[in-house]
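Take a look at the structure below.
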Amino acid sequence: MTQAERVERAAGGFVLRQGARGLEVLLIDDQYGRVSFPKGHLEPGETWEDAAVREVREETGIESRILCPLGRVEYRIERDGVPVRKQVRLFLMEEIDEQDEPAHQAEEVRGAYFLPWAQAEARHAERGYDNWSWVFAKADVLWRWHKGGWETRWRGVQASFEPAALDALWHEVRPLVDDLTAAVAKELAVVAPHIRWTADTPVLPRTVGPEALAGAIEHTLLKPEVSAVDILNLCRDAAAFRFHAVCVNPQHVALAKQALAGTPVGICTVIGFPLGAAHPDALAAEAEAVIRAGAGEIDMVIPVGSMREDDVWTVHEHVRRVCEAAHRHPGVMVKAILETHFLTYAQVCMAAMAAAAAGADFVKTSTGFAPTGARLADVALMARAAAGRGVKAAGGVRTRADALAMMRYGATRIGTSSGVAMVRQ
């Protein structure tokens, strides 16, 4: 998006209710004779969510609540001779009072009605807009996720959960995870075809023995108060225990390179850290600087705020710019930190696919600076969504059992400050 480009934002809802005919979807007939969903412009001071709830009410008379983001489309139009970029988000919503019947109230809406799911999907396929052709498949997955309580039952499960029970839970949720990755891939093929990423689906859980742990550990020290002596001690431990790498702030890359000379331990650093809010030009320049200082691996934070509003285009561009700079140097690898704490499960899936498509060698869960860190459910999803790329579990991984559980479910690297304690357990 150029600076001169005018932007208009709109939001609306894919509204569901349990009616006499089963699960029903709220549709509208717009002024052009097409079938769509209630949506409209954001008013000054509104959030995306505020606008979605208000527009559903104003266009159909239905009171509804948001369950989760559903997705976003962007396209260009011309208004009064001025080019405009439209950004439109839909939310998965449910009617609050299922006794109400819709009544179209806005001038631009010719009709509003609920239809049973299959009928609604067929009508939308016949008379809807192509850029929303993916929406029923994704809404179906997210509705089943919501009704099944999987945000708590699966995403909230601890890595320390008993392995047999964990595997049984995975066996139950895996078809839904597969459906989610397929739905997001279908969405990307429509809204951002240049960001498509497909790969073979990995088999999970994997068989992982404790002997594999040390070689997967990135011995990490990223606190702001770290001293040079702390870094030297970190490097000494990494060499003694044969960890894969150390992960340090850019200031300490040259010192770590000197301390680890003659050892096989790699040097990883972070950029755009921990907020992910840097300009892509700054990210590319920072990547070049840390590579010159001696870094062989770069962990970059994606623009988390962009992904939270389903702006996959900006996420892809930031990762692409860093990969473009880093991959000019043979052997240098890039890991995209998704900061999964702030993302929905579907957004984790989309971010992983976007990062892989942009050239990231790994996707990584967390910075360690968010309220929560690595979640086993996120690791498993990332391993499937970005299959063929590595997965780094980081943030709150402190025990050998937790690390091995993460590796069983797709992690190929473990970022931790507790590596020495892990291998001694």
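Heads up, residue numbers simply count up from 1 along the chain you see.
In case you wondered, yes, glycine gets a Cβ from its N, Cα and C as well.
Nobody curates TrEMBL annotations by hand; they come from automatic prediction.
TrEMBL annotations:
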type	residues	note
DOMAIN	6-142	domain 'Nudix hydrolase'
ACT_SITE	Asp299	active site, proton donor/acceptor
ACT_SITE	Lys364	active site, schiff-base intermediate with acetaldehyde
ACT_SITE	Lys392	active site, proton donor/acceptor
| query | How many of the residues that make up the domain 'Nudix hydrolase' (6-142) does DSSP mark as helix, as strand and as coil? | reply | 35 helix, 66 strand, 36 coil
| message | Distance check, please: Cα of Lys364 (active site, schiff-base intermediate with acetaldehyde) against Cα of Asp299 (active site, proton donor/acceptor), rounded to an integer number of angstrom. | response | 8
| request: Identify which of the active-site residues Lys364, Lys392 has its Cβ surrounded by the largest number of other Cβ atoms within 10 Å, counting every protein chain shown. | output: Lys364
| task | Between Lys392 (active site, proton donor/acceptor) and Asp299 (active site, proton donor/acceptor), find the distance joining the two CA atoms and give it rounded to the nearest Å. | result | 10
